[in-house]
Each structure stands twice: as C-alpha cells, then as structure tokens.
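Taken from TrEMBL as is:
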TRANSMEM  12-33  transmembrane segment
DOMAIN    14-440  domain 'Major facilitator superfamily (MFS) profile'
TRANSMEM  53-75  transmembrane segment
TRANSMEM  82-102  transmembrane segment
TRANSMEM  108-128  transmembrane segment
TRANSMEM  140-159  transmembrane segment
TRANSMEM  165-186  transmembrane segment
TRANSMEM  249-272  transmembrane segment
TRANSMEM  287-307  transmembrane segment
TRANSMEM  314-337  transmembrane segment
TRANSMEM  349-374  transmembrane segment
TRANSMEM  386-406  transmembrane segment
TRANSMEM  418-436  transmembrane segment
Amino acid sequence: MSPASSHLIPQYFAGLSSATGSFILGTVIGWTAQTEHGIMDGELGYKVSEREIAWLATLFTLGAASVCIPTGFIIDIIGRKFTMLLCVPFLLLGWLLIAFSVNTIMLYIARFILGMSGGAFCIIAPVYTTEIAQTQIRGILGCFFQLLITMGILYSYVIGAVCTVLVMTLTCIVLPIISGILFLILPESPFFYVMKDKPEKAKSALQRLRGKDYDITDDYEEIKTNVAAVKENPVALWKGMKRTASLRAFALSILLMMFQQFSGINVMMFYATDVFVLAKTGLEPKISTIVVGLVQVIATFVALFLIDRSGRRTLLMISSFVMSLSTMGLGVYFFIMDRDSETALSICWFPVLCCCLFIMMYSLGMGAIPWLIMAETFAEDIKGPATAISATTNWLFAFVITNAYGPLKNVIGTGQTFWIFSGFTLTCTIFVFFFLPETRHKTFAEVQAALEGKQNE
C-alpha cells in the first residue's frame, strides 16, 4: 500500500475487528444447517423433533428482533465500542447453554440469547463502520459486515461436516473471547464523542483511525459540521423521524429489508442441507452445503472491490434480478420433480447451480447493501433508534419467512413457493431502479440533501 493510502490501514483493521461479531452471527445462522440431523439423532443426549428443530431456527430471529430497538438507544448512551463489549458475555452464555444443555428448553433459551447478540451486531457494526470510514472506503468497510457473516456461515458448514454437534459448539465458544479482545483495543467512534461534547477524545480516536502522521483537521471539521447541523436545530426524536429525508430513508430501509428476507435467503441458509436432499442431487448434502457457503464467501469478497466502483444501485439491481431468475429456476425444477421425477433426476445438477447463483448474487448486492443504505441514510440525531427499527423489521420478516416456508411448501408446493420468492426479488429490481438514490462517494450531508430532493441523485 502506498504512503498516500497508509492512513486507511487503521480503518480497515477497525472495520474488520468490529465485524468479528458478524462472523459469530454467521456461525449462529449456519449452525442449524449442519447439526439438525445430529440433534434429532440424540447427539446432545436427548432427541429433538423436526418441529422443535424448526423452532431452533426461528427463535434465533425472534431474539434478534427483540434486542434491536434497545440497542439503538444503548449505542447513543454508552457508545458503539462498549455496546459491542456488552454482547460478548451473552454470546458466551448462549454457546455454553447449548454445549451443556439437557433438554430442548435450554436449546430454545440459548438460540434466543444468541439471536439477541446477533441482532445487536446488526445495529452496531454498520453504524460503527460507516462512522469511522472515510468516504472513499465507506462501501468496502460496510461490506465487511456481510463478508464476515458469510465466513461465519462457512465455518459452521465445514466444522459441522466433520465434527459432532458438541465439538462444533465448543469451537464456537472460543470466538466471542477473540472478539472481546479485539473490541477492547478498538477506538470509539469519533462521531459518538463529538455528539457527547468530548472534542479531545474525538480527536484522539480519529487520529488512531487515520494514523499518527495524518492531518485530521478536515475530517474532524466535517464530523463537527454534521453533528452541529443536528444540534443547532434540536427536535424531539419523533419530529426528527418525520422529516422528509428521514421518512424517505425509513421507507427505503424497511422496504429493502423486506425484499432481502422475502428473497428466501434464510430458507437457503437455515435449510440448505434439506434443499439438496429434497432436490435429490445425488451429492452428499453436507458437501453441497459447504459448496454454497464457499460460493457465498467468494462472491462477498468480490463485492468488496465492486461496491465503491459500480455503486449501490447497479449492484443491487443486478443482484436482485439474477436472484429472481435463480429462484424461478429452482421453482421450475421442483415443479418438474413433483410430476416427472426421472426427468428431474437427469438434471440434478440444476438446483445446485441455481442455489450457487442465488447465493453469489445475494452476496454481491442484496446481502450487504440494505444494511449499508440503512447506515448511510439516517441523520445522526435519529440514527440509533432508526437503524434499530429497520433492523427489527428485518428480523421479523426473517421470522415470518422462516416459519411460512414449511406450511407454504406443504400447501402450494415447493416449486410454487420459490416462485413467490422470485416475484419479490423481481419487484425489488423495479423498486431500486425507480426509487433508490445513489450514495456512493457522497458525504453524509450530500446523502441527506439527496433524500430531501435538494440535489440531483
């Protein structure tokens, strides 16, 4: 890296360190895909029914939804860094409860607690990374959140394929300890210190994030200007949320969260192994699942290099459109299989291709960009509560889809269910084209102006 860009290294380190919580979130998401059969066979010392397994997947989403709004207020009270540290003991407790569980109730409690911690990181990580990053790398740092989720999922897939449920769970206990150590050495967000009228601490944190030889004067003044614009015209939280820019940011964030979950992504993640079994691919299900996880990591890594070059709108439109084609293809395959199993078996590679393409496109845009847009579009005076509400809706949508998949599959068929997912992602493509402003390389002030309609988008 050239001396001119060496000041970016501390920002990359801080962004990656804060995103280790996302890695743990990924392990929680991927845990059920590789352990469900072992749990049902009694590997933990007691047997669990298929319906109870479904609740293990969905209680996680309820836990995440329950904590987002409190987290939105907490990060504005004690700061971004200390809220991350607060999550660590809960992550340890969740994994320990699973490891030493003696009945299904303990598993339920553990999954709910892990969901709470995961939901909290969905607020903290996007807010922290967008606040510490300079404009030219804000998109890349925003993608770290999704990248480490995918790496955590892959970790679960690989470890779960070669280890027992208990051993896999024990390996996950180490992860929060590593994250906690990294969180301890992170600087607090300079935005938070400026909001709390602590200029010296803000400058110190900013200097750590830019390097000791970097002149932070312009960056510090920009932060002061953004925060001052809010403080000079203080309004009640509810009134702040009723501003034109805030209402538009809310609509964009919540609809993007809805499209993300109604794409069917959590069906793929929670039930990846089952999808391959149902497709009768002839491949070892756990191996197929690992392939999907690997594709997701690679595609998300590619997105790091595209997010600040191609822009949010372009990536999201391409992502959602190809995802729509993929779920349409999966729907066609399952529709054929229900009527002509021999024909379906002759193209058993097709659902694997569709799944991989779906995951690849999700990772290129639909996975990271809704969270990035959420963090980029809300003004500082409402950012905590507003991001919390948006994240809560995301997890509630995840809960709805995860629970609706089974009944929908049984009532209208697996193929038709995937066609519904296809319809939502196609609608997302149209929505992004007409309504989403580009935020790439824009300052917070420019983004707010675009949302107010005061400048060309």
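Cβ coordinates come from backbone N, Cα and C, glycine included.
Just so you know, TrEMBL annotations are computer predictions that nobody has curated.
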**Asked** Are the transmembrane segment (108-128) and the transmembrane segment (12-33) near each other by the rule of at least 3 C-beta pairs under 8 angstroms (pairs 6 or more apart)?
**Response** yes
**Contacting positions for the transmembrane segment (349-374) when only residues 6+ beyond its ends and CB under 8 Å are counted** = 122, 126, 130, 139, 142-143, 145-147, 149-150, 252-253, 256-257, 259-260, 263-265, 268, 272, 275-276, 279, 281, 283, 288, 291-292, 295-300, 302-303, 306-307, 312, 315-320, 322-323, 325-327, 329-330, 333-334, 387, 390-391, 394, 425, 428, 436, 439
**Asked** So which of 53-75, 140-159, 249-272, 287-307, 386-406 is most in touch with the transmembrane segment (108-128), counting Cβ pairs under 8 Å?
**Response** 53-75
**Asked** Taking pairs 6 or more apart in sequence, does the count of Cβ pairs under 8 Å between the transmembrane segment (249-272) and the transmembrane segment (82-102) hit 3 or more?
**Response** no
**Message:** I need to check the long-range neighbours of the transmembrane segment (314-337): which residues 6 or more away from its ends have a CB within less than 8 Å of a CB in the stretch?
**Reply:** 259, 263-264, 278-280, 303, 306-307, 343-344, 347, 350-351, 353-355, 357-358, 361-362, 364-366, 369, 413-419, 421-423, 425-426, 428-429, 432-433, 436
**Message:** Pairs 6 or more apart in sequence, C-beta under 8 angstroms, 3 or more of them: is that satisfied by the transmembrane segment (82-102) and the transmembrane segment (287-307)?
**Reply:** no
**Considering the transmembrane segment (287-307), which listed stretch of 53-75, 140-159, 386-406 counts the most C-beta pairs under 8 Å** = 140-159
**Chain residues outside the transmembrane segment (386-406) and at least six past its termini with a C-beta under 8 angstroms from it** = 54, 57-58, 61-62, 64-65, 68-73, 115, 119, 122-123, 126-127, 241, 246, 249-250, 253-254, 257-258, 260-262, 264, 266-267, 270-271, 370, 374-375, 378, 417
